[in-house]
Amino acid sequence: MFKGSIPALITPFTDNGSVDEKAFAAHVEWQIAEGSNGLVPVGTTGESPTLSHDEHKRVVELCIEVAAKRVPVIAGAGSNNTDEAIELALHAQEAGADALLVVTPYYNKPTQKGLFAHFSAVAEAVKLPIVIYNIPPRSVVDMSPETMGALVKAHKNIIGVKDATGKLDRVSEQRISCGKDFVQLSGEDGTALGFNAHGGVGCISVTANVAPRLCSEFQAAMLAGDYAKALEYQDRLMPLHRAIFMEPGVCGTKYALSKTRGGNRRVRSPLMSTLEPATEAAIDAALKHAGLMN
């Protein structure tokens with residue numbers, strides 16, 4: 001259903017801090033032209049925590065409008081408030097999204113039973129396929145493979161996971177708990193090669209914002225079983241995977257885009273639009289290593 005390279009899209013801002021709809025639409029068009037296999041608006045990389053509800057909904061709508069069914073749109077619809085998650089999910093469904101990305105509730109640290117109840121409530125409120133977003137480093141809660149399996153058995157529209165645990169053995173554990181048809185997408189660019197080798201089928205990628213064609217070709221090689229070719233792409237992309245996260249958040253990604261495509265580097269507070277000189281130098285070197293900048 002969903003596979004390959006699926007960028008977790010940035011949300012561009014203007015100099016005055018508002019959402020730059022023209023730049024976002026152009027970014028979506030470029031992603032599709034470069035071979036991306038799907039799109040995820042308003043996830044972590046889209047700075048969803050600092051978007052208003054109206055902005056969140058508008059970015060989802062715009063992504064769907066521009067994509068025009070050429071590639072699937074998996075709309076970010078997560079919250080640590082169950083009612084709010086349902087509201088965002090219903091809006092994405094009405095707007096025409098193809099699926100939902102629903103993050104595990106962050107900060108309030110629900111139990112496994114609480115996670116089951118939260119995702120069950122969202123699944124029962126919508127008809128769209130749901131991809132669970134499990135990211136313990138940010139949400140401070142880790143959905144177990146057993147809870148995931150119970151959700152899959154209880155709700156036919158819970159169909160996959162974006163796994164950002166960094167634990168490659170989870171792919172096998174989740175396949176056992178959730179079944180062979182459960183869609184497993186890596187949430188970490190650097191470990192996507194190993195993730196697919198364990199049975200994953202793609203990556204919801206940050207680096208694909210900057211290198212969509214390379215990331216798409218990397219995933220295509222793996223899905224074709226050509227791991228020797230995939231390893232060449234891995235070596236070409238790995239410095240970039242690392243460099244854009246030398247400082248937290250999406251600042252590094254937006255800096256890289258400013259160098260390759262002239263994008264606005266602005267992020268919303270409390271993130272910082274400026275980077276340390278050493279970070280900029282590392283990103284520049286990584287872009288050159290990947291063949292994306294002279």
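Each Cβ is built from the backbone N, Cα and C atoms, and glycine gets one as well.
Summarising the environment of Thr44 (site 'Part of a proton relay during catalysis'), the number of other Cβ atoms within 10 Å of its Cβ, over all protein chains shown, is 23. Taken from Swiss-Prot, the feature site 'Part of a proton relay during catalysis' covers Thr44 (among others), and the record attributes it to sequence analysis.
What Swiss-Prot lists as pyruvate binding site is Thr45, Ile204. According to DSSP, Ile204 (pyruvate binding site) is assigned to a strand segment.
Pro49 (site 'L-lysine inhibitor binding') carries a helical DSSP state (H, G or I). Residues near Pro49 (site 'L-lysine inhibitor binding') in space but far in sequence (CB under 8 A, at least 6 apart, same chain): none are found. Positions annotated as site 'L-lysine inhibitor binding' by Swiss-Prot, on the basis of experimental evidence: Pro49 (among others).
In the three-state DSSP classification, His56 (site 'L-lysine inhibitor binding') falls within a helix. Counting only residues at least six positions away in the same chain, the Cβ atoms of Val42, Ser48, Gly76, Leu88 sit under 8 Å from the Cβ of His56 (site 'L-lysine inhibitor binding'). Annotation source Swiss-Prot lists site 'L-lysine inhibitor binding' at His56 (among others).
Residues annotated as site 'L-lysine inhibitor binding' in Swiss-Prot: Asn80 (among others). The secondary structure of Asn80 (site 'L-lysine inhibitor binding'), as reduced to three states from DSSP, is coil rather than helix or strand. Around Asn80 (site 'L-lysine inhibitor binding'), a 10 Å sphere centred on its CB holds 17 further CB atoms from the protein chains shown.
Cβ environment of Glu84 (site 'L-lysine inhibitor binding'): no same-chain residue six or more positions apart lies under 8 Å away. Marked as site 'L-lysine inhibitor binding' by Swiss-Prot: Glu84 (among others).
Feature annotation from Swiss-Prot assigns site 'L-lysine inhibitor binding' to Tyr106 (among others). Following the DSSP three-state reduction, the secondary structure of Tyr106 (site 'L-lysine inhibitor binding') is coil.
Among the features that Swiss-Prot reports, site 'Part of a proton relay during catalysis' is placed at Tyr107 (among others), with the record citing sequence analysis.
Cβ environment of Tyr133 (active site, proton donor/acceptor): Gly43, Gly78, Leu101, Val102, Val103, Thr104, Val161, Lys162, Ala164, Gly187 lie under 8 Å away, each six or more residues apart in the same chain. Secondary structure from DSSP puts Tyr133 (active site, proton donor/acceptor) in a beta strand. Marked as active site, proton donor/acceptor by Swiss-Prot on the basis of sequence analysis: Tyr133.
The active site, schiff-base intermediate with substrate feature in Swiss-Prot is assigned to Lys162.
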Across all protein chains shown, the one of the recorded sites Tyr106, Tyr107 with the most other Cβ atoms within 10 Å of its Cβ is Tyr106
Quick one: Cα separation, Thr44 (site 'Part of a proton relay during catalysis') versus Asn80 (site 'L-lysine inhibitor binding'), in Å? 14
Would you mind sorting out which of Thr45, Asn80, Ile204 (the recorded positions) have a C-alpha within 10 A of the one on Tyr107 (site 'Part of a proton relay during catalysis')? Asn80
For Lys162 (active site, schiff-base intermediate with substrate), the three-state class that DSSP assigns: strand
